Amino acid sequence: MRQDGNSESGAMSDSKTELGPDGKVVVPDHVADAVRTLIEWAGDDPAREGLLDTPRRVARAWKEYCSGYGEDPALHLSRTFQEVGGYDEIVLLRDIPFQSHCEHHMAPITGKASIAYLPRDRVVGISKLARVLNGFARRLQVQERLTAEVARCIWDNLHPHGVAVVIDAQHGCMTGRGVRTPGVGMVTSRLLGCFLDDERSRKEVLSLMGY
Ligand SMILES: [Zn+2]
């Protein structure tokens, strides 16, 4: 079994999100000002009517895109079921859509993930795997780290025989700027335990995922 020792950066934000009387997240002035500065730098007039409320909307949107900082994805795996009725085959959640943002351009990363594990003695509710994915995706990311963090979280918390995570995503920083290559997807994978060590298991899980 492979046990590489890189610890996950469970970066947690301490900045509290306060709600105003309208139920919306309160945006501090300096945050709205920063967005205004960016609008101006991009070439538009932040004082024109259509853009007046934009800085606060953008700020609130970013709180939501990055809501993963406020949670520990491992908590989704804390409630497990040990009665698995002798089930000892692969559990797979395929093509889970997600959105993240790249840490280099803060541009959207959109794609789908397939997450599988071979349980040892416990399973989780299947929706929990998607919650783990979202907990890490709703942060500033690179696709390789996102893939590794999801796999590691399942490995460390469920102690399964194997974990496989494959992510296929498009990067806004590639499709909308730079080389502008719409339609090009990037595929990353992280295999741990039997899916790494045993070729037959690896082939089986990848073929179940459609790869
Ligand atoms: Zn980027």
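Note: Cβ is positioned from N, Cα and C throughout, glycine not excepted.
Annotation comment: TrEMBL describes 1-25 as region 'Disordered'.
According to TrEMBL, the compositional bias 'Polar residues' annotation covers 1-14.
Residues or ranges marked as domain 'GTP cyclohydrolase I' by TrEMBL: 32-209.
If you look up TrEMBL, you'll see Cys102, His105, Cys173 marked as Zn(2+) binding site. In the shown protein chains, 16 other C-beta atoms lie within 10 A of the C-beta of His105 (Zn(2+) binding site). DSSP classifies His105 (Zn(2+) binding site) as coil under the three-state reduction.
Applying an 8 A CB threshold to same-chain residues 6+ apart, the list for Cys173 (Zn(2+) binding site) reads Cys102, His104, His105, Ala107. Neighbours of Cys102 (Zn(2+) binding site), defined as other CB atoms within 10 A of its CB across all chains, total 19. The Cβ centroid of Cys102, His105, Cys173 marks the Zn(2+) site; residues of that chain outside this set whose Cβ lies within 8 Å of it are His101, Glu103, His104, Met106, Ala107, Ile109, His171, Gly172, Met174, Arg177, given in sequence order.
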